[in-house]
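Asker: So that we are looking at the same thing, I have put the structure below in structure tokens.
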């Protein structure tokens, strides 16, 4: 029998329907793979084998009775940011020690409704703040990819590093992830996987630990474009519990795959050709343009003049929202408590011990930019710049552009403990230079593998779409995937 | 704009994070690196531009003002570090 863990969701679903194997068998194959690989990769922070088998047994019954849901019996990994009832949910932070929610997030509830099986919770940067998965309280995740002929450990990107690594190493069929500034698309780009951040308001934020509420969106990381479409259809919903959930019915995204891109207008923004970008990233971008043109798309040059201000504006807006959202972690209602001589001393000691350096840094920046006397100069100005960034995109779409093609990241995966990144927080922030604009404008963006660089590491391309037009991204993303091929890491673990 | 030791400590106090003198020195240079980076926003002409309040143009949904959840005090205190009879316990705040 072929290795069951190498099957895509679409393939596994077809075989489950035919009865070639059961969900329990498929789930056991994944649990075995996790047991063998996780000590090396560190993608999972907790594995739930009993729950997985139990869910798989129910799935098998539903398949047998002809009542299978769209993800019936498919084993998934869940980012530690999603509340899962009775199961480890700590945003990979020390401050949420021992937290087991009494409720389920809307996104995961949707997945279980559709028959999916939970394998466990996935590693991530603490509170989703990071681009390398190194800020996790549970330690760094290792990228399943290594440079040719090297045994140096590389980062999988972040913050959804555990999700991307688990998908790339076949430790789950697909994973949930979240994206505030690039946390789905950047790790997908660095691991040769597909990740989509849908339009703001497409997936409910209810039960997802909040980082920056006006930017946070859930989405999937998957092996290929089709699987990402299958996942998003189940994750997305209209939810009364999230006031920013938009009232638009969820389409069948999978139906968009295989549709021609003939006549689609693809915009190429010159502002994305930035200083310090690897030459091969530029080459991958050129290839992507050629693939879409060959498939019949019309390529047009566009201008997004405020692009360079997206990252600095993000580093005001996101920390400001984070400083407010993370005020709730005070040692009173959940998680860690460090005793103090009075209540304020208890708060301060708890937060100093519970939050890691990057999280403290962002809370401090956010507190500063919101403090009296600085609000107008920083926060208000950043929100105005955000309006301008969104307007740039609107102008391009109003001029007839259907989607925009850019690189996903400025480089391929870098080393764990990279000294340059460690010495200057802004260097790490540059990882999100191509992805953060999309969050600022609330748009959907997909990262699709586009090839390998000379070191043998994957590079991704990003497609940016109009609000709620994820279908065009799946359609054009599939064309890139067909042309570029798919990429799997050589197993070293 | 940049921050000094006094500002770092004041902000840490506002953020309720205990910082040692050593932490404050490190934070000062890190925060100044970030503030230096975001400084470039001052060159953008934002005159007459409305600040963004909602990224998707939509009216905020309002739920009906009815009781639709509750009666689950045990669930609410289930994860608390210290409780008694469904109350959260904290150090004494009133002398």
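Note that Cβ sites are derived from N, Cα and C of the backbone, with glycine treated the same way.
Pulled these features from TrEMBL for this protein:
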DOMAIN    A:25-473  domain 'Amidase'
ACT_SITE  A:79  active site, charge relay system
ACT_SITE  A:159  active site, charge relay system
ACT_SITE  A:183  active site, acyl-ester intermediate
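Set these features in their place in the structure for me.
Answerer: If you take the C-beta of residue A:79 (active site, charge relay system) and look for same-chain residues 6 or more apart in sequence within under 8 angstroms, you find A:121, A:122, A:124, A:160, A:162, A:163, A:175, A:176, A:177, A:178.
In the three-state DSSP assignment, the secondary structure recorded for residue A:159 (active site, charge relay system) is coil.
Its Cβ taken as reference, residue A:183 (active site, acyl-ester intermediate) is surrounded by 37 other Cβ atoms within 10 Å in the chains shown.
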Asker: Output, ordered by sequence, the same-chain residues six or more apart from residue A:159 (active site, charge relay system) with a CB under 8 Å from its CB, or 'none'.
Answerer: A:124, A:125, A:128, A:129, A:130, A:131, A:133, A:178, A:180, A:183, A:187
